[in-house]
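Written out below as structure tokens is the structure these notes cover.
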Amino acid sequence: MSSGQPQHAADDQDAAQLLLLDIARVALIRAGAEDWTTRRSTLWCLLEPPEHAMRPHGWKLHVSATQLSAPIVLARSAPVLIEAGCPFKFARSLDFAGRMGSRNAERGGGGKFLTAYPDDDEQFRRLADRLHQVTYGLPGPGVLSDRPYRTGGVVYYRYGGFRGSTLGNDGCYETSLVGPDGTAVRDVRRAWFSPPPWAGSPLAPLGPDGTEPATRSPSPATANRVSPTQGPATNGTAAARPVLLGGRFLVRDAIRHSYRGGVYRAVDQRTGEQVVVKQARRHADADLTGADAQDALRNEADVLRRLAGQQLAPRLVELFAQQDDLFLAEEFIPGAHLHWWRSDQLARTGRQETGLTLAEITRMAGLLTEALAAVHATGLVHRDFNPFNVMVTEDESLRLVDLEMSARPGRPVGRIVTFGYTSPEQRNGALVGPAPAQTSDLYSLGATICYLTTGIDPVLLRDEPTERPMLPRIAALLDLAEQSLPVTRRLRPLILGLTDDDPARRWPLSRVREFLAELDRQPEPAATITAGPPTRPPTASPDRLISDGLDFLLDTMTPNRNDRLWRSGPFGMTTDACAVQHGAAGVLSVLTLAATARPDERLRRAVADAARWIGRQLPAEPRVLPGLYFGRSGTAWALHDAARLLTDDVLADQALELALRIPTGWPNPDVCHGTAGAGLAQLHLWQVTGDERCRQRMLACADHLVEVAERTGDEVMWPVPDDFPSELAGVRQYGFGHGVAGVGTFLLAAAELTGRADYHDLALLAGHTLARNVEVDPAAASWPGVNQAQPNRRMVAHWCSGSSGIGTFLIRLWQNTGEDRFGELARQAAVTVRRSRFTASPAACHGLAGDGHFLLDLADALDEPRYRDWAEEFADWMGARAALRDGRLLLPDETLLDVVADFHTGLSGAVGYLLRLRHGGPRPFLPAAPAVGLPTATGTGAASTTGTPALTTSGQTGAAR
């Protein structure tokens with residue numbers, strides 16, 4: 001590194017990550033237990049004695065640890081468990097052990113470094129006591145979902161699942177607990193101790209001598225349920241008890257919760273002022289230096305004292321301890337953090353298309369520069385300077401918040417990374433190492449000004465194995481932004497001057513001030529938009545993204561494995577491996593499309609291998625869910641399309657047999673998980689096979705949706721029932737994936753093909769519902785979240801719940817009815833969609849690929865070239881986010897931090913969009929768009945079950961110009 005700071009060698013870090021595995025291996029050897037089974041995943045290592053039959057659920061033991069104590073905890077615990085013949089798992093690396101106790105850990109899962117699975121309650125009691133003895137006094141964070149075995153120890157316990165899982169209604173595998181009466185309940189890890197009512201305590205009652213099991217602290221672990229008033233709770237039960245912290249601060253509500261501790265809004269009972277109270281749990285967020293969340297909170301208090309009187313940070317009110325937790329009360333700053341302030345400012349002024357003015361950017365950049373200079377004047381490096389840690393007050397001054405990561409350069413610290421804003425030298429540093437020089441903050445300042453100017457979070461997927469310089473990649477993003485935000489050209493020298501990969505070449509703050517002073521004297525740039533497509537880096541061409549992406553899909557396919565054909569992300573790994581959303585069927589659909597558009601024997605073989613793998617795995621999951629993306633409807637669709645490509649009648653029959661098992665009435669009515677998705681698949685299969693059974697099942701789906709529609713006046717909704725066992729219970733949405741637009745799309749298509757007036761009337765009512773509830777600003781259309789307090793700003797433009805999915809339905813409804821209102825709303829939805837290009841990922845569900853499909857739909861329906869131009873533009877933005885992995889240019893998933901094959905959240909769906917953009921063809925997993933104003937009768941145009949799928953003549957996209 002050019003900073004000159006010493007760094008641990010990569011080999012040393014790799015050796016440290018293997019330390020825990022080595023400890024477990026030595027423990028097995030010493031105990032003569034080499035016959036134990038060792039199973040490793042990316043996160044865990046499970047050790048199990050030979051021929052051991054683990055019970056399905058019971059009381060399990062957890063042992064917590066920090067990164068620093070994890071090796072000792074494992075070295076002391078493993079021999080105890082091996083000797084007892086008790087299976088156990090542990091975090092397989094120090095990095096993951098740290099993440100288990102970090103601020104980003106799930107509140108219900110944090111702290112669980114080691115888990116033991118006793119055979120019965122008697123073994124549970126023996127092991128709990130023995131583990132407590134051998135680990136007593138070692139540091140470890142609390143486990144919120146568990147009860148401590150003894151006060152002051154690191155052994156915890158809860159009732160939960162040991163093995164086995166079942167496919168839940170949402171298409172995810174869940175662990176169930178079966179009570180004595182045979183009733184099954186989900187094993188939910190809450191942030192408090194909540195065993196099932198029928199699970200008696202495994203421990204005998206103990207006396208009040210400090211050895212009884214401790215209870216949960218009354219400090220605000222459950223402050224999200226604290227009522228801001230003293231009146232009765234809204235559910236008719238007694239009001240929650242008020243929480244008074246430090247004998248002074250009355251908690252009103254929770255701003256946010258995290259495993260390290262909550263952040264609460266409170267009232268100072270001495271002064272009557274509003275304050276923010278931050279909580280830090282002992283040993284949470286601990287790093288290899290031994291510092292934890294409480295040390296960070298003390299450090300923040302110290303920084304606030306250093307900055308006192310400068311109006312640059314909240315005023316420190318009090319630092320105090322209560323029970324085992326540490327709290328910091330500070331001045332409440334009304335306003336919004338810079339990340340939201342920018343979008344709010346543009347919405348308020350109606351400048352979503354042109355961005356902030358040069359004067360606004362120059363003023364804010366100057367305030368950011370002076371705020372950072374004040375931190376540096378104290379001798380500290382900030383280490384976490386980003387738009388989320390800067391508050392914009394009501395008078396548009398700035399306050400720095402969350403200053404706990406600040407440190408003296410060179411002091412040993414744990415690594416902290418905020419993707420997109422952390423300097424390369426800090427991001428690539430060791431887990432523990434010297435704090436970087438203040439020049440590291442200059443990179444963060446440049447990245448923050450980049451966001452202020454363009455709205456782009458400069459999150460760029462890391463190259464592997466050799467990383468390219470960041471500067472040209474940031475420059476490529478600025479190239480794209482300049483096409484529609486001319487002010488970017490004025491700020492470009494500053495942004496690139498601050499984000500140089502070499503810290504020594506970054507502009508000092510004095511030069512930043514000089515540049516901003518000169519900029520302040522310049523007039524506003526003309527609000528002109530460069531004509532024609534933007535200049536794109538040659539390595540980011542769509543053709544290369546397609547070729548490299550397909551090569552990656554072929555090379556990473558694992559047909560010899562039984563669990564998954566392609567790796568998915570952490571959530572995707574919990575879902576049906578044969579489904580479309582995160583499973584093999586979605587990737588298969590893209591391979592089929594690619595083999596159709598680009599005849600290649602390798603692609604045909606991959607289609608055959610993937611289809612055969614799915615066919616082999618289908619019987620392993622007896623439950624058939626109806627959803628198009630999370631259920632088996634999309635699986636049947638993808639298999640049948642593959643069969644047509646391969647002219648494989650056996651595979652086609654298998655796909656049809658699966659389709660005939662899919663439920664046609666389901667409590668969830670939506671496309672992703674429910675009845676509308678099943679209906680779309682049955683409709684498609686009827687179209688391509690002419691099989692009357694599919695037609696009847698399509699009608700059954702449509703009839704069910706007519707029956708359960710919730711009509712209120714001139715509107716209609718399809719809510720998920722409140723009592724349905726699902727994470728989506730009670731959801732009411734306008735979007736395509738889970739709401740009105742998706743159901744309306746199916747009913748419209750069913751009306752087109754059957755002539756059923758009741759289907760058409762309800763689809764029309766769905767359109768009018770969307771027209772009545774649209775929010776127009778005035779050029780762009782978006783829709784609220786219905787039963788959400790605030791719609792997710794990052795979802796408002798996209799396929800699943802936002803404008804591109806709703807626009808997909810509205811343009812089809814316009815084609816069918818000719819009603820101008822629907823066409824105009826679709827055009828306005830496209831404006832919202834295009835605005836999202838600065839922030840969106842390449843993915844299909846919540847990103848550019850799904851949005852681009854909508855723009856191609858508009859281009860087909862309206863024959864207006866600008867929508868195809870916008871779709872081409874999206875390909876450029878996708879390419880700017882690509883990373884080089886082993887010489888291939890690959891698109892990241894929806895997190896922008898990984899490459900996974902998933903159709904709707906990963907690479908394959910993005911490649912599928914680029915294939916359609918380049919070669920034309922129908923939109924995936926949708927029927928052909930209707931002909932304008934001409935509902936058809938019944939079942940014409942059925943295709944053969946064999947042969948390559950033909951491109952439809954309605955709703956198809958031609959090859960790009």
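A Cβ is built for glycine as well, from the same backbone N, Cα and C atoms used for every other residue.
According to TrEMBL, the feature region 'Disordered' maps to 197-238 (among others).
Residues or ranges marked as compositional bias 'Polar residues' by TrEMBL: 214-237.
What TrEMBL lists as domain 'Protein kinase' is 249-516. Looking just at the domain 'Protein kinase' (249-516), the mean pLDDT is 96.
When other Cβ atoms within 10 Å of the Cβ of Cys800 (Zn(2+) binding site) are tallied across all protein chains shown, the result is 24. Annotated Zn(2+) binding site per TrEMBL: Cys800, Cys845, His846, in sequence order.
Annotation comment: TrEMBL describes 937-955 as compositional bias 'Low complexity'.
Residues or ranges marked as region 'Disordered' by TrEMBL: 937-961 (among others).
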Check: Which are the residues of the chain, Cys800, Cys845, His846 excluded, whose CB is within 8 A of where the CB atoms of the Zn(2+) site average out, their centroid?
Finding: Gly737, Met795, His798, Trp799, Ser801, Ala843, Ala844, Gly847, Gly850, Glu894, His904, Thr905
Next item on the list: Starting from the Cβ of Cys845 (Zn(2+) binding site), draw a 10 Å sphere and report how many other Cβ atoms land inside it.
Entry: 24
Margin query: Let me check the 10 A CB neighbour count of His846 (Zn(2+) binding site). How many other CB atoms are there?
Written below: 25
